[in-house]
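Engineer: When I checked Swiss-Prot for this same protein, it listed these features:
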DOMAIN    8-79  domain 'KRAB'
CROSSLNK  LYS204  SUMO2 cross-link
ZN_FING   242-264  zinc finger
ZN_FING   270-292  zinc finger
ZN_FING   298-320  zinc finger
ZN_FING   354-376  zinc finger
ZN_FING   382-404  zinc finger
ZN_FING   410-432  zinc finger
ZN_FING   466-488  zinc finger
ZN_FING   522-544  zinc finger
ZN_FING   550-572  zinc finger
ZN_FING   578-600  zinc finger
ZN_FING   606-628  zinc finger
ZN_FING   690-712  zinc finger
Amino acid sequence: MALPQGLLTFRDVAIEFSQEEWKCLDPAQRTLYRDVMLENYRNLVSLDISSKCMMEFSSIGKGNTEVIHTGTLQRLASHHIGECCFQEIEKDIHDFVFQWQEDETNGHEAPMTEIKELTGSTDQYDQRHAGNKPIKYQLGSSFHSHLPELHIFQPEGKIGNQLEKSINNASSVSTSQRISCRPKTHISNNYGNNFFHSSLLTQKQDVHRKEKSFQFNESGKSFNCSSLFKKHQIIHLGEKQYKCDVCGKDFNQKRYLAHHRRCHTGEKPYMCNKCGKVFNKKAYLARHYRRHTGEKPYKCNECGKTFSDKSALLVHKTIHTGEKPYKCNECGKVFNQQSNLARHHRVHTGEKPYQCKECDKVFSRKSYLERHRRIHTGEKPYKCKVCDKAFRHDSHLAQHIVIHTREKPYKCNECGKTFGENSALLVHKTIHTGEKPYKCNECGKVFNQQSNLARHHRLHTGEKPYKCKECDKVFSRKSHLERHRRIHTGEKPYKCKVCDKAFRRDSHLAQHTVIHTGEKPYKCNECGKTFVQNSSLVMHKVIHTGEKRYKCNECGKSFNHKSSLAYHHRLHTGEKPYKCNECGKVFRTQSQLACHHRLHTGEKPYKCEECDKVFNIKSHLEIHRRVHTGEKPYKCRVCDKAFGRDSYLAQHQRVHTGEKPYKCKVCDKAFKCYSHLAQHTRIHTGEKPFKCSECGKAFRAQSTLIHHQAIHGVGKLD
């Protein structure tokens, strides 16, 4: 049967772009190009699935010089030569769509099709595809980048003048200059009667008249492809027909569900050839690969900065535009990235989805968890190039580097103070503004830093996460642990520039420096007394208020200072953590150890200005001064008798109470004063520590020695 000779060409509905025009298209326009191509492709395939056809495909890689072949589809009513494998075609349509989406996500150029027409005969077809086998057209690895063009044509020798003219006209177009998205379809009028009822003819007529037959009433947007219309409709209607059977999450596209499922299966099919790292998305692999190549193809037109990811460039551009389109519904704070908004939202919800497998501690950010893990692993990836000191956090390294450079680039506009870090400047500014946005839910106390609130919260919870490996003592603050460790190591990093004396704490150095300067900047408004440190002034003020808010749980005794309660608590526990390296004697407080140490050194740094007498303990000097001033600040409430020492008052009060707390272990005799017990104990031991320098006679009590020395005419001892 002779094939009809009449032809119809669709050249007039072609959508063509030059290379320069193509680069100007935005992603949405390129996606439209893809959808039009696919619609044409499917419509042509669906014309007559039972008909015999032949197809050839190959493509050109972007920037390569491979020969371009055009896929051809031939109706051969009288030739039963091989059958088109339409399932293969549909499979490749799906592969093309998926790969396009991967490339778009990856930031690659969208696929483009370059056209070159071929004419052929059934003889040529017979030679290439003899054997009546299904055609397995070879698409190759580059099919994802280029969709082949389809032609339906009649066998050579039966083509009319119109067909030859159409082909000649088409071949005159420069394929190196044009990129075409069109079905160059040549069909006889007889076949065309059926064809005019297809969606392809409708699409051709719509494009030719610049009309769009699919319009969405919600947005007013029109489309010339039903597939585009359906996709757009899904976005507005919020329809998500693809559901994950594991977690129930819904998606509006099947490919999104396929990507999501890999989260549950752990599948990571894309592997890096360089380092072996695997990824669940091809886009992630491509992005990772740029780390090896150093490629940064995305450039900011404003400042020239380049990026390896398109998303990073888009985020960067908001710096120039100042755009922050993502707003928090809770507090109104705006962000330039949706991820930042999502992260911020956890502040309101309290969500902490990232949990440490070692200690079960939870975090609101993945970066916080990774940073925390280094505590368990001991990893310190940030190393100083000057002194090789390593740090867990990059911020800690940045702080440390300032020691070497002494650079403090961040300056406060209010007071001119400079800082090595911008975060430190921001915290400092709250001093001027008085802003304290962080409030404790337990007691209502407010803080200017979140870290201070977190630290304060441990007072309510009793949490002490920092433990000393030497003595197992625990602390609520890391700085307290580091300070405590110096007791074991003997480290004294704070050195006086005047006398080279070293100290474990910077506060102790500050106290010591006043000895040289004599400065006491902190003054009490009640009594006018001045102090070296603000903490000392705060402690002093309690004397005027009489407040004793620190109570011992063991005996109920109250104290006006927390440190005093801590010292007192050691009476119950028997703890004496401070040991003398000379004689091994242990003490409850560090000050007691320091005083004791002067017995070995003979140091007496405290001198009376009246009589030049020297003392090894400051409190002894203050007590001695009362000899000159006659001051007796401690008064008995019963008989109004006054004393120069609080210990004397305590002893005296036992006269009224009859209390004798000091008991001899040998004979059970009790005494009001500890000194009386000590003197009595020598009766049992026979010890006589007080010896006369004139005659060598020894005595149990110092008072007895003084009385004896009067015989020799020696004056009383001071």
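Yeah, the Cβs are placed from backbone N, Cα and C, and that goes for glycine too.
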Engineer: Can you tell me which parts of the same chain pack against the zinc finger (466-488), counting only residues 6+ beyond its ends and a CB-CB cutoff under 8 A?
Structural biologist: 455, 458-459, 504-505, 577-578
Engineer: Give the residue counts of the zinc finger (298-320) per reduced DSSP state, in the order helix, strand, coil.
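Structural biologist: Output for the zinc finger (298-320) reads 11 helix, 4 strand, 8 coil.
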Engineer: Of the listed stretches 242-264, 298-320, 382-404, 410-432, 690-712, which one has the most C-beta pairs under 8 A with the zinc finger (354-376)?
Structural biologist: 382-404
Engineer: Write out how many residues of the zinc finger (690-712) are helix, how many strand and how many coil, based on DSSP.
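Structural biologist: Looking at the zinc finger (690-712) with DSSP, the answer is 8 helix, 4 strand, 11 coil.
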Engineer: With a Cβ cut-off under 8 Å, give me the same-chain residues at least six positions beyond the ends of the zinc finger (410-432) that come close to it.
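Structural biologist: Those are 395, 398-399, 402, 448-449, in sequence order.
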